[in-house]
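Here's the structure, in structure tokens; my notes come after.
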Amino acid sequence: MYGITSTANSTGNQSYANRLFIYEVVGLGGDGRNENSLVRKSGTTFITVPYARMNQEMQRITKLGGKIVSIRPAEDAAQIVSEGQSSAQASAQSPMASSTKIVHPKTTDTSVPVNIYRPKTPFLGKCIENYELVDEGGSGTVRHVTFDISEGDLRYLEGQSIGIIPPGEDKNGKPHKLRLYSIASTRHGDMEDNKTVSLCVRQLEYQDPESGETVYGVCSTYLCNLPVGTDDVKITGPVGKEMLLPDDEDATVVMLATGTGIAPFRAFLWRMFKEQHEDYKFKGKAWLIFGVPYTANILYKDDFEKMAAENPDNFRLTYAISREQKTADGGKVYVQSRVSEYADELFEMIQKPNTHVYMCGLKGMQPPIDETFTAEAEKRGLNWEEMRRSMKKEHRWHVEVY
């Protein structure tokens, strides 16, 4: 039975480049082709776009002042509506015209949004939420920051990241470079209205080796101190395909996290157990092993424990609290310690073809975890290096460490 513990394939090789998608666009200039055309403030245009040109077309539409309200594979439409039709013609010929609800296709390579907003043309988001996640007695500062993105076309999937460009200049007089942060919300946002994106941000601070002074990270400090209401936060992205949640609603998902590496897994678990959106009903198994220094540093603790209590057959929650717990030989308990403790059970799980393993956080956990699985593989006459290589090829082994 799953619960809380704190003690010791691809289906085909079709060429995606040949697939077509239909963009439903409002407010586009003229027939949607000529950049000098007057912008039409009302009416819907349907544009057929080859997969290979999806990003370029998004940029062109934005430049023309249009807004994409839905994207669908062409084969899903009752019929392809030609470019430049009026809204009246479109509604008479296509069921898509009657709704402006954003369509989020299944997570395949053809539908992963990437670089909708770039550093030279970032989206300006508005901070609508910024609160502390570390309880009294914990170490450091971690904030949950939410942005309103309703005025743009930013779309994302669980497991992706966005970039934040802090204001100001560096010591050389150049604009600060962007920093990437894993998204902590589902594709529908914390409000489940497709209008927000959330981050889990730890304020970076360290001692200068020469002066001994405390140095604070530029972007993390900017975000952690960002006032609610700030409406000019420069956002880029989304980026990333390595950490995407599988579409399989019956999958087994093992998540290994330290600190703010919890961000993508919060998005996963919200989608699995809290959101229960009509487009995804999780029926598989999820196991989160979460490493922190103190109990007070367990981010989103109440929410995770509530989900585990309400879904005991589907969600298992295990903590590794390094400065409060001890291993059998008296050592500190880390994520890799828990993996070693449950090695036999975990290894049996990852041999199943529908099991995905995700690792996010400090890179120090990766080598000992590999050592543990190497030993388990040898017990069974298997080669872990070959197994891991095969899992990566099958998109079942996902690592994002730093």
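For all residues, glycine too, the Cβ spot is worked out from N, Cα and C.
In Swiss-Prot, the annotation region 'Disordered' applies to 80-101, one of the ranges 36-57, 80-101, 146-167, 190-211. Going through Thr121, Thr260, Thr295 against Swiss-Prot, the one listed in the FAD site together with Arg179, Leu180, Tyr181, Ser182, Cys200, Val201, Arg202, Tyr206, Val218, Cys219, Ser220 turns out to be Thr260. Look at the binding-site residues Cys200, Val218, Val333, Val335 and count other Cβ atoms within 10 Å of each Cβ; Val218 has the fewest. If you measure from the Cα atom of Val333 (NADP(+) binding site) to that of Tyr181 (FAD binding site), you get 27 Å. Taking a C-beta cut-off of under 8 angstroms and a sequence separation of 6 or more, Thr260 (NADP(+) binding site) has the following same-chain neighbours: Val142, Ser182, Cys200, Val201, Arg202, Leu299, Gly361. When the Cα atoms are compared, Tyr181 (FAD binding site) and Glu400 (NADP(+) binding site) turn out to be 12 Å apart. Predicted-model confidence for the domain 'CpcD-like' (18-74) is 62, expressed as mean pLDDT.
Considering other CB atoms within 10 Å as the measure, the emptiest surroundings among the binding-site residues Arg179, Arg202 are those of Arg179.
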